[in-house]
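Positions annotated as heme c binding site by Swiss-Prot: C38. Swiss-Prot lists H89, H190 with the feature heme b 2 binding site, giving sequence analysis as the kind of evidence. The heme b 1 binding site annotation in Swiss-Prot covers H103, H205, and the record cites sequence analysis as its basis. Sequence annotations record features per position, and here Swiss-Prot assigns transmembrane segment to 35-55, 93-113, 119-139, 189-209.
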Amino acid sequence: MANSSPVYDWFQERLEIQDIADDVTSKYVPPHVNIFYCLGGITLVCFLIQFATGFAMTFYYKPTVTEAYSSVSYLMTDVSFGWLIRSVHRWSASMMVLMLILHVFRVYLTGGFKRPRELTWVTGVVMAVITVAFGVTGYSLPWDQVGYWAVKIVSGVPAAIPVVGDFMVELLRGGESVGQTTLTRFYSLHTFVLPWTLAVFMLMHFLMIRKQGISGPL
């Protein structure tokens with residue numbers, strides 16, 4: 001590379017970063033691609049906003065049935081820009097779901113799920129399910145009336161499943177009734193299990209897209 005800096009030369013010698021840059025910038029983009037093909041990327045941006053704002057809120061949120069609601073109220077009223085952080089978190093959550101739905105429709109209508117991209121579609125469906133789980137678990141964390149009854153209803157749904165239904169309900173609730181253990185489990189799922197699971201499937205999804213490229217027009 002002409003007129004390269006010593007810092008660039010140092011990294012280039014060890015990591016060959018120019019090859020990576022060339023691969024990224026020279027990837028072929030089909031001429032039929034339009035703005036609707038950006039919906040998946042917008043969904044990713046929403047997730048990153050969720051991750052950042054959610055991480056910020058963990059500094060103040062207390063996952064106990066006695067302090068959860070008051071800690072959220074404290075965040076909204078006393079913490080500098082706390083109201084903005086939580087509001088952005090909620091808005092981007094809604095936007096993420098909307099962009100995900102539109103992205104799924106775009107992929108389906110343009111045949112992006114067909115051979116050889118079946119696994120890309122499968123990972124996308126898994127991520128859609130995880131996103132719904134994000135909404136369910138996050139809705140409960142303020143532990144207000146809406147959150148409590150939402151948890152009680154959602155965690156009771158598996159009871160209709162034959163044989164394993166009661167076991168699944170108890171597994172979700174951490175006992176026979178909704179309480180502290182339930183909130184702890186939902187908090188753990190929302191802040192640790194689901195984000196990292198989604199990140200793994202996102203990586204798989206993007207690597208497959210990178211390998212196979214964007215599907216052609218109908």
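Even glycines carry a Cβ here, placed using N, Cα and C.
A 10 Å cutoff on Cβ-Cβ distances gives C38 (heme c binding site) a total of 14 other Cβ atoms nearby, all chains included. Distance noted between the C-alpha atoms of H103 (heme b 1 binding site) and C38 (heme c binding site) is 8 Å. Sequence-distant contacts of the transmembrane segment (93-113), counting only residues of its own chain at least 6 positions beyond either end whose CB sits under 8 Å from a CB of the stretch, comprise 36-37, 39-40, 42-43, 46-47, 50, 120-121, 124, 127-128, 131, 134-135, 138, 214-215, 217-218. Listed in sequence order, the residues of the same chain lying 6 or more apart from H190 (heme b 2 binding site) and placing their CB within less than 8 Å of its CB are G54, F134, T137, G138, L141.
Nonlocal intrachain contacts for the transmembrane segment (189-209), taken as residues 6+ away from its ends with a CB within less than 8 angstroms of a stretch CB, comprise 44, 47, 51, 54, 58, 117, 119-120, 123-124, 126-127, 130-131, 133-134, 137-138, 141. Around H103 (heme b 1 binding site), taking its Cβ as the centre, 23 other Cβ atoms fall within 10 Å, counting all chains.
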